Amino acid sequence: MTIETIKRIIEEENVRFIRLQFTDINGTLKNLEITPDVFLESWEDGIMFDGSSIEGFVRIEESDMYLKPVLDTFAVLPWTVDGAKSARVICDVYTPDGKPFEGDPRYRLRRMMEKAEQLGYTPYAGPEMEFFILPINEKGEPVPEFLDHGGYFDLLPLSKVEEIRRDIAIALEKMGITVEATHHEVAPSQHEVDFRYDTFLRTADNAQTVKLVIKTMAIFHGYHATFMPKPFYGVNGSGMHVHMSLFRGDKNAFYDPDDPLGLSKELRYFVGGILKHAKALAAVTNPTINSYKRLVPGYEAPVYISWSVGNRSALIRIPKARGKATRLEYRSPDPSCNIYLAFAAILAAGLDGIINKIEPPAPVEENIYHMTSERREELNIESLPGSLKEAVEELKKDDVIIDALGEHIFEKFVEAAEKDWKEFSTYVTNWELQRYLYL
C-alpha cells in the first residue's frame, strides 16, 4: 500500500484519528493516536515517543524512540467512538540514530524471517486462537463465571455469544483478515477463531489484530474476552496451536512425494530442532505462571516432548493433508504469549534443526497420556517444564533461543518472569486458605 492510497482512504472514509500500534515484550498491544495531518507529515521520518515507560524498552535517560509505520498494515477500524472514525497502522520501533530497536519484538521476528529467506525459505503460519468470554459486574470488571455450558462445536440458539463471534468475523473481514471458522470450544464459555495463514510476520500482525477485535467486540456486547490460558479449574484451558510450513518459491519444502509418509527431510529436521529446544521454547510460548496450569495431562494439552502423524497427544502433530498443505502443528503455545517472540523462537529452533540436520526420534502413535512412566522412559519421551520457573531455567541454557530473542529482550524477559515467580511464590491463594485455615 502506498502513502497516496492511504491518503485517499483517509479522505474517502473521513478518518479523524490514526493509531500507531506496536507491541511491548509482554505481547501487549500499545498505541499512540495522532491526527491524519501529523501522520502524513511524519510517517517517513517516524513519530517520536517516550520509550522509557514501555515494558522492557529503555531507561529514562535514553527514552526517545521513533515509530515508523508499516504502510501495508494500514486499515480503518470498523467501529467508531463518539462517531469519529479511526484507522490503525502497525509500526516498527527505531532508535534516534535510525537503527531498528533491538527490544522491538517485531524486529526480532523480522530478523528470523530474513535468516529463513537467506536459506531459501518463506515460513508460513496459522494459529488457532482460543479464548473465554465472561460476564462483567456493575463496575465493568470481569467475573470468573461461565456464560454458557456449551461444548465443542455446540450451537447455542439465540445466544449473545453467537452474535459476538459473528461480529468478530465481520470486523476482521472489513480489516482485510480472512476468517476461516469460528466455533464454540470444548470448555464452557470457550471459543475459537481461525483465520487464513500467511507469512510468519503477517500472521503475527494479524494475530494482534484478532485479539484486539475479539476484546473490542466483547466489550461492545457487554462482556469480557480473556486470553488467560487457564481461568477455570477442571476444564480445558485456552491454547494457540500453530500450524506452520516452509516454502521454496511455490513449492512446499515439507512435502516429499517419494517418502512413504509424504514428509521431507526438511520437515523432519525442523521437527527435530523444535523438539531439541522445546523446554526453552516453553518460556516464550507459555510465558505466564498460569500457562503451566494448562500444560497438565487430561485436558488435551501437550505435556510430552514427542511428535506424531495425527496423534493429538504429542507436542507436534503432522496433519494428514499433503502436497501444498503439508504442515506441522505445534500444540503447546498459548495465547498469553508475545506472538512475535514466540514465532521468532520457534523459527530459530526449526531452522537450527535444518542447518544442523537434527534427526527427530521415531514418531509416537500411541496415546502418550495413557502410557506408564516406564513406557515413556523406554521411548525416551521427556516432559515439558512443569512451571514458569523451570522453563526460564531451561531458556537460560539455550543459546539458539537467546539469540532469537536478542540479549536486550532476553534479559528483560527473564527479569520479568523471575519477578512474577517470586511474587507468586509468596502469595497466599484461596486454595491454601480453604485447605489450611482450620489448622
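Placed from the backbone N, Cα and C atoms, the Cβ positions cover glycine too.
Annotated Mg(2+) 1 binding site per Swiss-Prot: GLU128, HIS241, GLU329, in sequence order. Over all protein chains present, the Cβ of GLU128 (Mg(2+) 1 binding site) has 21 other Cβ atoms lying within 10 Å.
All protein chains shown were included, and the count of other CB atoms within 10 Å of the CB of GLU130 (Mg(2+) 2 binding site) stands at 23. The annotation Mg(2+) 2 binding site is assigned in Swiss-Prot to GLU130, GLU185, GLU192 on the grounds of similarity to another entry.
Around the Cβ of GLU180 (ATP binding site), a 10 Å sphere holds 12 further Cβ atoms from the protein chains shown. Secondary structure at GLU180 (ATP binding site), taken from DSSP and collapsed to helix, strand or coil, is strand. The feature ATP binding site is assigned by Swiss-Prot to GLU180, HIS243, MET244, SER245, ARG312, ARG317, LYS324.
Sequence annotations record features per position, and here Swiss-Prot assigns L-glutamate binding site to ASN236, GLY237, ARG294, GLU300, ARG312, ARG331 based on similarity to another entry. Residues within less than 8 Å, Cβ to Cβ, of GLU300 (L-glutamate binding site) and separated from it by at least 6 positions along the same chain comprise VAL186, ASN236, ARG312. Under the DSSP three-state reduction, GLU300 (L-glutamate binding site) is assigned to coil, being neither helix nor strand.
Annotation source Swiss-Prot lists domain 'GS beta-grasp' at 13-98.
Feature annotation from Swiss-Prot assigns domain 'GS catalytic' to 105-439.
Residues or ranges marked as site 'Important for inhibition by glutamine' in Swiss-Prot: ARG59.
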Subject >> Of HIS241, HIS243, ARG312, ARG317, ARG331 (the binding-site residues), the residue whose Cβ has the fewest other Cβ atoms within 10 Å >> reply: ARG312
**OP:** Across all the protein chains here, work out how many other Cβ atoms are within 10 Å of the Cβ of GLU192 (Mg(2+) 2 binding site).
**Re:** 21
Subject >> Collapsed DSSP category at HIS241 (Mg(2+) 1 binding site) >> reply: coil
**OP:** Measuring Cα to Cα, tell me the gap between GLU185 (Mg(2+) 2 binding site) and HIS241 (Mg(2+) 1 binding site) in whole angstrom.
**Re:** 13
**OP:** Give the residue counts of the domain 'GS beta-grasp' (13-98) per reduced DSSP state, in the order helix, strand, coil.
**Re:** 17 helix, 43 strand, 26 coil
